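Quick notes on the structure that follows.
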Amino acid sequence: MSRNIHPDQLFSLNNRVDKKDGKLVLANMIWVIIALLIGGSAGMLQTFIRAGMFELPFGIGYYQLLTLHGVILALVLTFFFIMGFQIASLSRSAGAFNDRERLLGWIGFWLMSAGTLVAAAMIATNEASVLYTFYAPLQAHAFYYIALAVIIIGTWFSVIGQLMRYFRWRREFKGHKTPLLSFMASVNNVMWLVCTIGVSLSVIFQYIPWSLGIVETINVSLSRTLFWMFGHALVYFWLLPAYMSWYVVIPKVLGTKGFSDNLARMSFVLFLFFSIPVGIHHQLTEPGIDAFWKGLQVVLTFAVIVPSLMTAFSLFAVFETHGRKLGATGLLDWFKKLPWTDARFVLPFLGMLFFIPGGIGGIINASGQMNQLVHNTIWVVGHFHITVGAPVILTYFGIMMFLLPHITGRKITKQLNNMGLYLGYTWTFGMGLMSAAMHFAGLRGAPRRSTFSEYGGADIAQEWITYQIMQAVGGTFLFVAIIIAVILFIQLMTGPKTAEVEEFPVAPMMDQSVPTTKWVENWRVLIIITVFLLLIAYTVPITQMFTENIPDAKGFKLW
C-alpha cells in the first residue's frame, strides 16, 4: 500500500505532534526557559563587571560566572531545545514515536537533566571554573567531567530514538523520499554522533583519569584538538535546527511553498560533510600542528560557505516569490509584502539578518593572517554572539512561538504575538549594540576571557572603557528581552485553552513531487564520505601528537 500512495497524500498524513511525544518535547522546553533565565542573568552581570560597574558578592569569582554563562547557554539550552524540536519535527512529519523510541527520548532527557544538575553544582561550588571550553591544563573536579559525559550520553539516547523513528518511516514507505523535516533532523543527528566521538573519548580517557589523580599529566594538544573536532561541528548542530525552520516552517508562515526540496537536502548533506573536519581553524595560533594541516582545514572551512549561500538563495527566492504573488512589481517591493506583524516570521528573520555579519566574521576568523589580528580578543566573543546568540536563538524563539501552544493547546493571541515582536526587536537592539562594541574593542586589542582591569593605567586600556560600557548597555537590553521571553513562553504554555490547535507550520516544496537524488538518502555513502573527510583532516595531526614528544602538563586551579 505504501508504494502506491501519492506523494501529496504522503505529505499530509500527519498534521500535528503526537500528544505523548508532546509531553517529552515540553519537558525539554522547560529546561530551555530555565537555562535562558540563569545563563542570561550571568551574561548581563559579566558585562557590568567588565565595565568596572559591579563587583560580585559572596566570594563568587568572575571566571565561575563566565563558566556558568557559557555552559548553561551554549550547551544546556541548545541541547534541550534541539532534542525537543527535533522530536517534535519527526513526530509532526513522520508520525508518532512508538513506545521504545519514546523511552529512549525520556532516558536521554533524564540523563541530560542529571548531568546538568551535577555540572551546575560543580560550577556553583567553584570546583569547575574552567570556562565553556574546559581547556587543559585548567583542571575541574572529576564530577564535572563525568557530568559532561553523562549529558553527551543523554543526547545519544535521544538521537538514537529519533533515528529509529526516521528509519522506521523509511521501511513503512519504502520507495518514497522521506519527509524533509525528518531528513534534516536525521542529518543533524548523524553529524552529532560522529563529532562527539572524539570529545567523549577525551573526557573519558584523558580528563576523568587526570582529575581523579590516576595520571599526573595530560596531553594538552590532543585534548584541545579533540575538543575542536567537536566544537566547530557543535556550531552547526545549533544552527541546523534553525535552518530546518528557515527552509520548511517560514514558507508555510508566509502561505507559500518552499523553494526546493532537493536543494535543501543537498545543503544539509554538505553541512554533514564539511562541519566536522574543520576544527583546527580554531587552533591556528597553537603550536604542535603542522601548517599544512591547518591550511587544509581552512580550505575545508570555506567549503561550508557553499551550503550557507544555498540557504540564503533559497530563502530570498521564497520571499521574492511570495511578494510577487501579492502584487509586488519593483526590484525590492516584495520586501514590503512580508508579514511584519507575525512574530513567527519576524523573530527568525531578524536572526537571518545577523547571520550576514556573522558569516563574514567567520571567514575572517578562519583566515590565517586576519585571525592573527583578532585571535584571543573580544572580537571573537562578539562573533560568537552574533552567530549562536542571534540567528540561532532568535529562530529558536520563533519556533517556540508556535511549538509551545501547538503542544499545550493554547492560542497565540494578539497580545502574545505582540510580546513576541517586542522580544525580537529588544533582543536585536541589545545584541547589535553589545556585539558591535565587542568587535570594535577587539580590533583595538581588548582581550577576551578577562575580568575588569585598568592594566596599570595603560593608555590602550582606556580606549576600551567606552566599548565596555556599551556592552553593559547592550547586555541590559538583552536581559530585558530575556524577561519578556520567559513571561511569553510561560503564557504560551499556561494560557487559556482553545478548541482549534495552533498549527505546526510545515510547507510543501515547489518540487514536492520530484524524486530526490538517490545518493542523497544513501546513508552508507553519506557516512563513508563524512568519515573519509574526517580521517584525511585529522589522522596525521593526531598521530603527530603521540609521536613528536609534545610535553604533557600538570593540572592547575587558578580561581
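Using the three backbone atoms N, Cα and C, a Cβ is placed for every residue, glycine included.
In TrEMBL, annotation is done automatically, which means it is predicted and not curated.
In TrEMBL this protein carries:
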type: DOMAIN; residues: 29-554; note: domain 'Cytochrome oxidase subunit I profile'
type: TRANSMEM; residues: 24-49; note: transmembrane segment
type: TRANSMEM; residues: 61-82; note: transmembrane segment
type: TRANSMEM; residues: 103-123; note: transmembrane segment
type: TRANSMEM; residues: 143-164; note: transmembrane segment
type: TRANSMEM; residues: 185-208; note: transmembrane segment
type: TRANSMEM; residues: 228-250; note: transmembrane segment
type: TRANSMEM; residues: 262-284; note: transmembrane segment
type: TRANSMEM; residues: 296-319; note: transmembrane segment
type: TRANSMEM; residues: 384-407; note: transmembrane segment
type: TRANSMEM; residues: 419-441; note: transmembrane segment
type: TRANSMEM; residues: 469-490; note: transmembrane segment
type: TRANSMEM; residues: 525-546; note: transmembrane segment
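Here the transmembrane segment (143-164) has Cβ contacts under 8 Å with residues 75-76, 79, 83, 86-87, 90, 97, 100-105, 107-116, 118-119, 121-123, 127-128, 130, 134, 185-186, 189-190, 192-193, 196, 199-200, 203-204, 207-208, 211 of the same chain, all six or more residues outside its ends. Taking the domain 'Cytochrome oxidase subunit I profile' (29-554) as a whole, pLDDT averages 95 in the prediction. Residues of the same chain lying 6 or more positions beyond the ends of the transmembrane segment (61-82) and with a Cβ under 8 Å from any Cβ of it are 28-29, 31-32, 35-36, 38-40, 42-43, 45-46, 49, 112, 116, 119-120, 123-124, 126, 128-133, 151, 155, 188, 234, 237-238, 241, 388, 392, 396, 449, 451, 558-559.
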